[in-house]
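Read through the structure below, which is laid out as structure tokens, and then see the notes.
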Amino acid sequence: MSAAQWAEDAARTIMDRCDQLATLTSMENGIERTYLSPQMAKAFELVGGWMRDAGLTVSIDPAGNLRGRAEGERDGLPALVLGSHLDSVPDAGKYDGILGVITALSVAEHLVKSGATATLPFALEVVGFGDEEGARFGATLLGSYALGGGWNDEWLDLTDADGVTMRQAFRDFGLDPERVAEAAHTTEDAIGYLEFHIEQGPILEQRDRALSSVSSIAAASRYMVTIHGLSCHIATPYDLRHDALTAAAEIITGIDRISREAGTRANVGEISAEPGGVNVIAGKATFSLDLRAGTDELRDETFARIWDMAADVCERYHVTMDRECIHTADSAQCDPFLRSCIEEGIEQSEGKEAFGLISYPGHDGMAVAGLLPIAMLYVRCKGGISHSPLESVREDDVAYGADAFAHAIENVATRLRAAADEAEARSAALNADVVLAMEA
Ligand SMILES: [Zn+2]
């Protein structure tokens, strides 16, 4: 089965547009485009032009996000938001975030030009978020938090590497820092959020599939863990040592074992020991721990097992441990209704049974999920590699993805219409019953 012809044509345009966006960078020999930067202004100009050509009404919102809107069967209906991000990490690839915005734009263009939007019971809004990665100011998901009503004015005091405050960056971008929160949607003017994104993992490749839905965006917590022992000479017998580094090593392998058993994803990516002498037992060891799980409960249970195990290890090595939580985010569950519309779309496009994956990377959807129901469509990327110039996607996968995304939007419309018809029929039947009762 091949994707629809329009989607195959669109995929060629999408790949070409991702190449064009890659040239809007602040890095000499790589891609870097950050929030409220001159490169982002250029990207908005370029993508905004494509949005206008697609028949969308274009604006830059008060949070520095690019938005394009197509009306539905009548003007002013609440919107189904199709979003991802246009910013990048330093030395990025061409597709993380960008592919989602550009594909949503091509899908909206197809629906506008084929006349389909004129019968939709909602408006379509394509959003290119100005910040998801947080590369400039440290705090992440700034654009999507603003859209989802979670903006925090304290962020305006954050500074970038050159000491420029976010407040100033808004002014330099031509926006009023006092009005950022006005970018928020409400449940009256939006019905849901769909995001198209590269998988950033190897599962689709392993299963030889182009597409999947997402079941949830994982809960995540990060800690810095410090083991306190006592520095002493290598001559010290084992039972008299307080060896912080060996205890840390045993805790780290314990984390690996527990996380594998629990079906979570853990990483200890950073470790240091003091004083750092080849013949000196380490008196202190510090390591990072990032743990992600499909649900908040699973994350919390897994951490409880890890801390119990660590306490046992510390007792055996005569050391103590303290830990500092440096980041925590709850999981975002994808909405069953929107998710099933995406899975049906995948089946209509690929002709194969759809399935859902847990998303271990964070996404804009997490910041929108507090306000709107969300769902995601994943497309395979080569080797699961992302945040790297080696990011790669296949054009035929993008065609399947665009086709599935368009079907998903039409599935949302079809099911909403059916539900409205059913409600109307039910109220008509109820009225008839009332008339009968009154006549009796
Ligand atoms: Zn991304």
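Each position is counted from 1, following the chain as shown.
Using N, Cα and C of the backbone, Cβ positions are placed for all residues, glycine too.
Binding of allantoate is attributed by TrEMBL to N279, R292, and the same site annotation extends, among R207, R209, R222, R380, to R222. Within the listed segments 98-125, 350-377, 406-433, TrEMBL records coiled coil for the stretch 406-433. Binding of Zn(2+) 2 is attributed by TrEMBL to D96, H387, and the same site annotation extends, among E133, E343, E344, E347, to E133.
Look at H197 (Zn(2+) 1 binding site): DSSP puts it in a strand. H387 (Zn(2+) 2 binding site) sits 20 Å from R222 (allantoate binding site), counting Cα to Cα.
For R292 (allantoate binding site), the same-chain residues 6+ apart in sequence whose C-beta sits under 8 angstroms from its C-beta are A218, A219, A220, T264, R265, A266, R299, Y360. Proximity of the binding-site residues D96, E133, N279, R292 to ligand 1, judged by a Cβ distance under 6 angstroms to any of its atoms, singles out D96 in sequence order. In this structure, the CA atom of D96 (Zn(2+) 1 binding site) is 23 Å away from the CA atom of R222 (allantoate binding site).
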